[in-house]
Amino acid sequence: MTSPHSLHRLAALALLTALPQVSEAQLATGKSKFLGNITANSVPANYNTYWNQITPENAGKWGSVEGTRNTMNWTALDTAYNHAKANGFKFKLHTLVWGSQYPSWISTVSANDLRTEIEAWMDALAARYPDVWAIDVVNEPTKTPMPDNYKAALGGNGTTGWDWVITSFQLARQKFPNAKLHINEYGTENDATARNQMLVIINLLKERGLIDGIGIQAHAFNLDHMNAAQMKTCLDAYAATGLEVYVTELDIRGIGTSYSEANQFSKYRELFPVIWEHAAVKGVTLWGYIEGQTWMTSSGILNSNGTERTAMTWLKGYVTGTLPALPAAPSGLTATAASTTQINLAWTDNATTETAYKVERATASTGPWTELTGTLAANASSYSATDLTASTTYYFRVRASNLTGDGDYSATASTTTSANPPPAPPPSSGGGGGGGGAPSLWFLALISGCALLRLRRRCG
């Protein structure tokens, strides 16, 4: 009986019936690297507004296509591939070999028979999708354990410790001779030990001429807790191999008590330029972008109603080079004590591109500085600092902010809060003026914080 896998070459021609071409330019059009995203079962109507590369989120995983043995479901994968071809986008297959989301039926298949099934799976993909730009050949080799029979079917650990990965790439090179072959992993961004383990595998593949690119997933559970220097260290380590580097599953939420839009935007603005401007990075793929439809909750940068979150607005401006200039510094800052607990600030608003103002306070001219809670709207020119301590000198500085970043500080202004008033005199402690000539004592006055005691004897 002829295997159904062998029939799929004939279906490839049907995929060339392209979707209508679109005219809008994507964010990275004309750039030296792509900015892509994933698709699920369909392509969002606004996809082409932003992205120029496609990775199917789940549709290219073996378990999604062949959940039932010898019964193939290509619908969602066809949709992604067709859209890429119709619009001239790079299309990446994700993934050939992975220790997760494989068909459950392989657990009862012997290693020898499973090798035949693995190759048939790859043959079917190669036949149906002849114009694949790149492939995640092995996904998460160090983080997701492979079932024993799956690993054994590909050669097991072998003499290198990673023979099954090498075999996977050898098969992929044979069956996809024109595609770039990538390895893809998470959790190495801020973990040098994990990164070094990946570099061992990468170098084994590189020595054999089997690998073309390194995929760094860059999920929020790593990136939210990293700074720009750590991100660059990771990219530099992989760049040292001489291979192309790709950020493949980017999502960012931003840390804090909640995954706020402001925190997400701040982390995007901190880390994305390090990624995008790195010479070794040849492309970036986000792992979803519509809030409520992303794998990781609160990682969307477009609201479900189509409005952009701040991170998306910034990303558009950054990639296209249309971000505004940093706002000008305010001038003429004055600080006036209004009470024991309040100082009023005023300044001249010199900015034209600001979206907010930030006020910082210190109790010494050299800091440390604390940003006061909340931000002021654009065009603000005054602020009242409250909850201060009496008879204390405070220093203030102000700067404007916009999508590009924070502008220069104003000159520093300072003043001292008012002193507390003297306490009221206590009530009389004497016996009053009745008959009998009894003496009485009382406090007459408080002078400079010292009590003047005066004795008066009243005679009858």
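Using N, Cα and C of the backbone, Cβ positions are placed for all residues, glycine too.
A TrEMBL annotation is a machine prediction, not a hand-curated record.
Here's what TrEMBL has on this protein:
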| type | residues | note |
| --- | --- | --- |
| SIGNAL | 1-25 | signal peptide |
| DOMAIN | 16-318 | domain 'GH10' |
| ACT_SITE | Glu249 | active site, nucleophile |
| DOMAIN | 329-420 | domain 'Fibronectin type-III' |
| REGION | 407-435 | region 'Disordered' |
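Annotation for Glu249 (active site, nucleophile): same-chain Cβ neighbours under 8 Å, separated by at least 6 residues, are Asn184, Tyr186, Gly215, Gln217, Ala218, His219, Thr285, Leu286, Trp287. When pLDDT is averaged over the domain 'GH10' (16-318), the result is 96. Remark: secondary structure over the domain 'Fibronectin type-III' (329-420) totals 0 helix, 42 strand, 50 coil, with classes taken from DSSP.
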